[in-house]
Amino acid sequence: MTNDVRSKSMDPACQEMLRACEKSGLETAWDRLEKQQPQCGFGELGICCRNCNMGPCRIDPFGEGASRGVCGATADIIVARNLLRSIAAGAAAHSDHGRDVAHAFQLIVEGKAPSYCIKDPEKLDRLMKEYGLDSPALLAAAIMNEFGKQDGPIQFTRRVPPQRLELWKKLGIDPRGVDREIVECMHRTHIGVDNDYVNLILHGLRTSISDGWGGSMIATELQDVIFGTPKPLFSEANMGVIKPDQVNLIVHGHEPLLSEMIVAAASDPDMIELARNEGAKGINLAGICCTANELLMRQGVPMAGNFLSQELIMATGAVEAMVVDVQCIMPALGPLASCFHTKFISTSPKAKFPGATHMEFHEDTAGETAKEIVRTAIKNFRNRDPSRVQIPDIKTRCMAGFSVEAIVSALGGSLDPLIEAIKSGSIRGIGAVVGCNNPKITQDFGHIGMVRELIKNNVLVLTTGCNAQACAKAGLLQPEAAEKAGDGLKGVCQALGVPPVLHMGSCVDISRILVAAAALANALGVDISDLPAAGAAPEWMSEKAVSIGAYVVSSGVFTVLGTVPPVMGSKAVAELLTSGAKDVVGACFAVEPDPVKAASLMIEHIDSQRRKLGLA
Ligand code: SF4
Ligand code: MSK
C-alpha cells in the first residue's frame with residue numbers, strides 16, 4: 001500500500017483528513033492494515049480451524065503438507081464450518097438489534113417506556129392484521145416469541161412468492177426462530193458434529209433467512225412503527241456538516257433507540273440555551289454508519305461519513321462527543337479520543353470500549369440519559385482547542401427516505417408504473433448495492449464505480465448502509481444525478497423528481513429491499529429469482545454482510561462481492577457458492593473486485609432474466 005491518500009480514499013474530505021492525520025502522527029485503519037501485511041494466507045483462504053483444543057489446525061493449500069486437521073476435517077469441512085460461524089455472528093448482530101427494538105416496543109405498549117410513542121399507527125394496524133392479532137400487546141408478545149420459535153415458520157417469511165416458499169420447504173431451509181438457528185450453527189460446527197459441507201452451507205442459508213426475513217425485518221418494521229416510516233426528504237452528507245461554531249455531537253453505531261432520543265434532547269430549548277451560555281451558536285447533530293442512515297431516513301439528520309470516515313471525523317478536533325451503541329465501532333476510537341478533547345461515550349451494556357465513558361442506556365430512562373449525554377457534550381465545548389480544528393469544507397446535498405411505502409406513494413399508489421418502466425425497458429432492471437467500506441479497497445471506489453456504471457446502463461439502484469453514504473457523498477442521491485443515468489432511467493427519475501439511486505436505509509433495512517423484491521415478483525406472478533435484479537456488496541467487511549449475502553442469494557438474487565470471502569481454500573465450497581447454488585436456490589455469488597466489471601456481471605444477469613421473461 002502506498003502512502004498516497006488517493007489510494008486510500010476517493011472521498012476528498014477523507015483525503016484531506018488523512019493528510020492531516022499523517023502530519024500529526026495519528027494512526028488510522030489504513031496504517032494498521034499496512035502493519036498487518038502480509039495477512040495470514042491460511043486465514044484468507046478460510047482453512048485454519050481452532051474449534052477444538054487438539055488444534056489449531058491448518059490445511060496446506062499447496063497439497064504438500066497436512067490435508068486434514070487432527071480430527072480428520074478436510075479443507076471443505078473447515079471452510080464451510082468457518083463460513084457458517086460467520087453467518088451465525090452476522091445474523092446474531094442484526095437480530096439482537098431486532099430483539100432490542102421488539103423489547104422496546106413491548107415496553108411502549110405496556111406503558112413502561114414513557115420517552116417513546118407510536119408514530120406510525122397505520123403500520124402497526126397492518127402488522128397486527130398480518131399476524132392475525134387484534135391488540136398491540138398481543139403483537140409485541142408474538143414478535144418477541146418469533147426469536148426463539150422452536151418449530152414452525154416465522155411470520156415474515158410468508159411474504160415471499162409461493163414458489164420461493166415451496167423451494168425453501170423442499171430444501172428444508174424454511175427457518176424457525178433466529179435464536180434456534182444460530183444455536184444450531186454453533187452446535188453443528190462443534191468438533192465432530194456436521195461434517196458435510198453441503199449440509200453445513202444449507203443450514204447457513206436457513207440461518208441467514210431467519211435474519212433477513214426475521215430479525216432484521218422485525219427491526220425495520222418496528223422501528224417504523226415507533227419512529228415513523230421514512231418519507232422522502234433532503235439533507236447533507238460528508239464532513240462539511242460538522243459546524244465550527246456549534247457543539248458537535250456525533251452518533252455512531254446502529255440502533256435508533258437511543259439516537260432518536262438524542263435528536264429530541266438536542267432540540268430541547270433548554271439544551272440550546274445551555275449551549276449558547278457555553279459560547280456555542282447551537283447544537284449540531286450528525287451521524288456515522290447506520291445510526292446516520294436511521295436518523296437521516298426519518299429525521300433528515302446529516303451524515304458525517306461512512307465506516308472508514310469514523311476516525312477521520314474524530315480527528316477534525318471539533319467533535320465534543322462521539323456517542324456509540326453497537327456494531328462497526330472501531331475500538332481505535334478510544335485512544336484517538338484521548339488525543340483530543342472529544343468525549344467518547346458508550347451506551348450499550350453489550351459494548352464497552354477502552355477509553356470510553358460509559359453512560360448506559362435503558363428504555364425506561366432513555367429521555368433522561370439522552371439529555372445527560374447532550375449536556376456532557378455541551379459542557380465539553382469549552383475544552384475544544386480551536387488551533388487543532390480542521391473541518392474539510394466538503395458536503396453534498398442528498399435525498400433519502402425511500403421506504404417501500406414511500407416508493408409506492410411516489411409511483412402514485414402502486415408498483416404498476418415501475419413494472420411498466422421495467423417492461424418497456426426504460427428501467428433495464430434493479431441493482432441492490434449495499435455494504436461496508438474495507439481499507440483493502442480505496443474507500444468508496446468500489447461503491448461509486450459500480451453505481452455509476454449501473455445507472456449509466458439504466459439500472460435503478462436501491463442502496464443501504466455505507467454504500468448509501470458513499471453515494472450521498474458523491475452526489476448520486478440528488479435528483480440532479482438523473483443526468484448521469486441512461487436516457488430511460490433519466491426520464492423516469494425526472495418525471496418522478498427522484499434520484500437514480502434510492503436510499504432505503506440502514507443495514508437491517510435491506511429487509512425493505514427484500515419486501516420490494518417480493519412485492520414486484522408477486523405482482524408479476526414470478527419468483528424473486530426470475531426478476532431482472534442483482535445485488536452487490538463492493539466493499540463488504542463485516543460478518544453481518546456474510547449473513548446478508550447468504551439471505552439475498554437464498555431469496556433468489558444473484559450477488560456480486562467486491563472483496564474475496566475466506567472460502568477459496570475449498571474448491572468445492574467456492575464452486576457451490578459461485579455456481580452450484582444456482583441449481584439449488586436459483587441464484588449464486590460472483591466475486592469481482594473491479595467495480596465496472598462487477599456492474600457488467602450484474603447487467604448481464606439482468607439482461608438474461610429479461611430475455612427469460614420475454615422482455616426486450
Ligand atoms: Fe483441528 Fe478438527 Fe479441532 Fe478443528 S475441530 S481444531 S480441524 S482437530
Ligand atoms: S454500518 S455493517 S460498515 S454497511 Fe451498517 Fe457500514 Fe457495513 Fe457497518
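Cβ atoms are placed via backbone N, Cα and C, with glycine included.
TrEMBL names Cys49, Cys52, Cys57 as [4Fe-4S] cluster 2 ligands; from the candidate set Cys40, Cys71, the record adds Cys71 to that same site.
Among Cys466, Cys471, Cys493, the residue that TrEMBL places alongside His254, Cys290, Cys328, Cys436, Cys507 at the [Ni-4Fe-4S] cluster binding site is Cys466. The binding-site residues recorded for this entry are His254, Cys290, Cys328, Cys436, Cys507, and the Cα of Cys328 lies nearest to that of Cys52 ([4Fe-4S] cluster 2 binding site). For Cys40 ([4Fe-4S] cluster 1 binding site) paired with Cys466 ([Ni-4Fe-4S] cluster binding site), the C-alpha to C-alpha distance reads 27 Å. Each of the binding-site residues Cys49, Cys71 was scored by the number of other CB atoms within 10 A of its CB, and the lowest score belongs to Cys71. The 10 Å shell around the Cβ of Cys328 ([Ni-4Fe-4S] cluster binding site) contains 24 further Cβ atoms across the protein chains shown.
Listed in sequence order, the residues of the same chain lying 6 or more apart from Cys48 ([4Fe-4S] cluster 1 binding site) and placing their CB within less than 8 Å of its CB are Cys40, Phe42, Pro56, Cys57, Arg58, Ile59, Ile78.
Sparsest Cβ environment among the binding-site residues Cys52, Cys57 (other Cβ atoms counted within 10 Å): Cys52. Note: the CA-CA distance between Cys328 ([Ni-4Fe-4S] cluster binding site) and Cys49 ([4Fe-4S] cluster 2 binding site) rounds to 25 Å.
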